[in-house]
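A.B. asks: Straight from TrEMBL, here's the annotation block:
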- B:6-26: transmembrane segment (TRANSMEM)
- B:38-59: transmembrane segment (TRANSMEM)
- B:79-98: transmembrane segment (TRANSMEM)
- B:110-127: transmembrane segment (TRANSMEM)
- B:142-207: domain 'Golgi pH regulator conserved' (DOMAIN)
- B:147-169: transmembrane segment (TRANSMEM)
- B:288-307: transmembrane segment (TRANSMEM)
- B:306-414: domain 'Abscisic acid G-protein coupled receptor-like' (DOMAIN)
- B:313-336: transmembrane segment (TRANSMEM)
- B:348-370: transmembrane segment (TRANSMEM)
- B:390-411: transmembrane segment (TRANSMEM)
Amino acid sequence: MCSAGSRVCRKLTRCFGGGVGKSSLVHLLCQNQVLGNPSWTVGCSVDVRVQDYKEGTPEEKTFYIELWDVGGSVGNASSVKSTRAVFYNSVNGIILVHDLTNKKSSQNLYRWSLEALNKDSSPTGVIISNGDYDREQFAENPVPLLLIGTKFDQIPENKRSEVLTRTAFLSEDFNAEEINLDCTNPRYLAAGTSNAVKLSRFFDKVIEKRYFTRDPSQMTGFTDRKRFNFKSLHYD
Amino acid sequence: NLMVCTYLPLYSTQVLFFGFGWLFFMRQLFKDYEVRHYVVQVVFSVTFAFSCTMFELIIFEILGALSSSSRYFHWKLNLYVILLVLIFVVPFYIGYFVVSNIRLLQRQRLLFACMVWFTFMYFFWKLGDPFPILSPKHGILSIEQLISRVGVIGVTLMALLSGFGAVNCPYTYMSYFLRNVTDSDILALERRLLQTMDMIVSKKKRIAMTRRQMYQRGEDQNKQTGFWGMIKSVTSTQTGSENLSLVQQEVDALEELSRQLFLETVDLQATKERIEYSKTFQGKYFNFLGYFFSIYCVWKIFMVKFWSQHISFILVGIIIVTSIRGLLITLTKFFYAISSSKSSNVIVLVLAQIMGMYFVSSVLLMRMSMPLEYRSIVTEVLGELQFNFYHRWFDVIFLVSALSSILFLYLAHKQAPEKHMAL
């Protein structure tokens, strides 16, 4: 029986207002179940996933992964943006979620990722960015990114290749892996599918970055008291 | 051709208004959504264009531009188009898109949309009964019947919004009312929020681990056979799931708390930004305007007659511009707050309907603020409606709305400082 190790903190950033499916996605990732009654996310909701690092190898360890779903439906006012910035502290990985049936949601991703990555640029946490995309910034970005497109089942067959090409360009821009799925159907993430493999790889990368490479830039003022216990206990 | 020359400026401005409405729709309202049904965008822009043209015609009336017969012709044309849009087109499409969203009715969309429209027409017609809005000599199918009803709805809306705006605008911009918010208040609240999130996380970790252990033990249990094995499996899972549901309840309570804290933090940030804004030049200008308009509104509440018609003419211009701008801003905020990718079409159409009715009734009411010589065209075009009724109705609703807003804001203002003292 494995008992869990220290926690790994990670955030989900949103791409725009409600309806993308982040809450359903988080529920699917953490509970392996479909969310029955999705509703508006106010503020931020957290869920925890138990992840087996390097599953199947002798170095297998169990970690907790916190998925912070930063809700996007409350509005775009700068007061909301400043408050959201509170949640961007000590991010170890970012999952960018966009709606495959809505092109504009993927366009907004640039803005959101900049908001999350540039959290230290202003003292009050208010980020002003016109969404100018800088490829270099993403190339040398230390935080692992994952791109997930939702509502895959709602795309008609003839449009699928077009959508997949578009998301391929996106994932190149962000230097990230991509997964396209439908949050109401757990078979997309069933064990053994390529999606499940990509997901595991992403989480493993996050855990590696956090625990097996020293990265002092992850700690910021607010989180000083959240200094983690580095003992990862695992007894077989 | 002379006709074309005189009408050209009017048509070109109409096209301009249409373009503005189109851009506003694309850049502001629908900037996060994909436009799948272009008819919605067209209907919105057409409503906006013809509403603005009505205001333009009033200005032309006062300035004496174009000949009076051409003005009259354009008034009539504009009015017919607007009524057509507001009574036939927009309600039908609202019904159509609402029906499209409901899965059960999707097959017979057109049929159900027509049914919805007939229901709307029935209630729309019934609206005329309790109000003395027409002089009895008009027939059933005259234009006055339609305008009078549109007027009632629009005037009620206008009075509600004006009443609330008259009270809210000074409250928002006048520094006298701004609560004192410091950075440390905000930091303290943010710290509380993060602490709550931490507690939620640690409880969820317990739940996740317990569930995982139960799942693993469950597998082992399947191997156990026999009487004792069954008893063991029943008792252990029961205590396990009891604990789980207890912790889950705590988590639910904490999540509710975190949501409230988040909203409070947003509120404090917004107040802080308003304070900073009030120190800037723009802020001071609006502060002054706030004082000015609050005096004007108090004046209106006590119904003092204006001593100069010319001041009222300038005010007509200001009122037109600010009411268009104010309406568009309010509509945008409202739209962001309640729309989702499913309902965006319906909401935009509802907003177009409100906008059209608002503008039509503001023309009705503007008659009161216009200098005497110019009132005749409005009377001529709109027929013999009982204008006095509308003015009285506006004043009543305005008063009711203003007083309830004062009460509401007073209660909200009272509650707020106590909330933060309790931190």
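Note that Cβ sites are derived from N, Cα and C of the backbone, with glycine treated the same way.
Each of the listed features needs to be described in terms of its position in the shown structure.
C.D. replies: Same-chain residues lying 6 or more positions outside the transmembrane segment (B:6-26) and placing a CB less than 8 Å from one of its CB atoms are 35, 41, 44-50, 52-53, 56, 66-67, 70, 74, 328, 348.
Beyond the ends of the transmembrane segment (B:79-98), by six or more residues, the same chain brings 37, 39-40, 43, 46-47, 50-51, 54, 109-110, 112-117, 120-121, 124, 143, 146-147, 150, 345-346, 349-350, 352-353, 356-357, 360, 381-382 to within a C-beta distance below 8 angstroms of the stretch.
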A.B. asks: Looking only at the domain 'Golgi pH regulator conserved' (B:142-207), what are its DSSP counts of helix, strand and coil residues?
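C.D. replies: Each residue of the domain 'Golgi pH regulator conserved' (B:142-207) counted once, the result is 59 helix, 0 strand, 7 coil.
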A.B. asks: In terms of Cβ proximity under 8 Å, which residues at least six beyond the ends of the transmembrane segment (B:110-127) contact it?
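C.D. replies: Sequence-remote neighbours of the transmembrane segment (B:110-127) are 87, 91-92, 94-96, 98-99, 149, 152-153.
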